[in-house]
Amino acid sequence: MAEYGISVGQRVVVIWDSSSPVEGLKNLVAKIQALVGPESRVSVENIDQLSHSAHAESSFDVVLSGMVPGSMTLHSAEVLAEIARILKPGGCVLLKEPVSSQIGDNSQIKTAARLLTALTLSGLVEVKELLKEPLTPEETQSVQEHLGYQGNDLLSVQMEGKKPNFEVGSSSQLKLSFAKKSASSGKPAVDPAAAKLWTLSANDMDDEGMDLLDSDELLDSEDLKKPDPSSLKAPSCKESGKKKACKNCTCGLAEDLEQEKKESLKPKSACGNCYLGDAFRCASCPYMGMPAFKPGEKILLAENNLHDA
């Protein structure tokens, strides 16, 4: 166990489950006790009762889970979070778990990549894979008995992770230095040659000796022509299927639509003969009895014409 980093005086907890052989658990605890010395006590916890234990935060230097030979321990997200809670800052966790070489129907058994991700999401850092090997016949039988998995694609993977050197919710004061800027860090120096180019003298301000251009001479006959209103319309107004003017229309479409609206409000005749007089009107014409008028003309009648004679 020396390769696991366990030294004298450290506090270690061993986590086991129902698949862990009793003799294998006893032998593992005895070996670890010999490594930490008589002054330290090795704790043993069942994985199903770990969350109900009375261990305070940052209680152990090393956590060993699923390391009992012959055990097939599966670590849920809740178990990994509890392991990270009871681990001291900078402490190490070593776990062993059966993984599948490919994603299968059994959602309990993870792949090696998913196990590594679960360890990282629990708050551990420097997570890495130490060992991956096929299951022994005893371990295969244990998987079939305790997990109900009948496949033959399982591997045993051993991983290591560490807790960051700080507790969750801890704070530290930041030391900030605000050095004063030197006087030389003000406005940049101006090149004298460049400044001379933008300096005006009294001669430059004398307009009497300068020839002024007439702005009208800059325009030719084409510039003075009034543009065609249709050419001022935006392409979107012509190509769009809907005839709807934009807000703050400047292409003339709003004026066209307003003119079309006024034309539609003018009275129209179904037969086209209403304005000619009664001789040309239909029997049911509403203009019957009225004098002839011009098309589109607004008819004004005296009040005495509205009553029967």
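Backbone N, Cα and C atoms are what each Cβ position is placed from, and that goes for glycine too.
According to TrEMBL, the [2Fe-2S] cluster binding site annotation covers Cys237, Cys246, Cys249, Cys251. Cβ-based neighbour count (10 Å, all protein chains) for Cys251 ([2Fe-2S] cluster binding site) stands at 19.
Its Cβ taken as reference, Cys285 ([4Fe-4S] cluster binding site) is surrounded by 16 other Cβ atoms within 10 Å in the chains shown. The [4Fe-4S] cluster binding site annotation in TrEMBL covers Cys271, Cys274, Cys282, Cys285.
Positions annotated as domain 'Anamorsin N-terminal' by TrEMBL: 9-171.
Per TrEMBL, domain 'Anamorsin C-terminal' is recorded for 268-300.
Per TrEMBL, the feature region 'Disordered' maps to 220-244.
Summarising the annotation, TrEMBL assigns region 'Fe-S binding site B' to 271-285.
As annotated by TrEMBL, motif 'Cx2C motif 1' applies to 271-274.
Per TrEMBL, the feature motif 'Cx2C motif 2' maps to 282-285. In this model, the motif 'Cx2C motif 2' (282-285) carries an average pLDDT of 78.
Cys246 ([2Fe-2S] cluster binding site): 13 other CB atoms within 10 A of its CB, across all protein chains. Residue counts for the motif 'Cx2C motif 1' (271-274) under DSSP, helix first, then strand, then coil, are 1 helix, 0 strand, 3 coil. All protein chains shown were included, and the count of other CB atoms within 10 Å of the CB of Cys274 ([4Fe-4S] cluster binding site) stands at 22. Take the binding-site residues Cys249, Cys271, Cys282: by the count of other Cβ atoms within 10 Å of each Cβ, the lowest one is Cys271.
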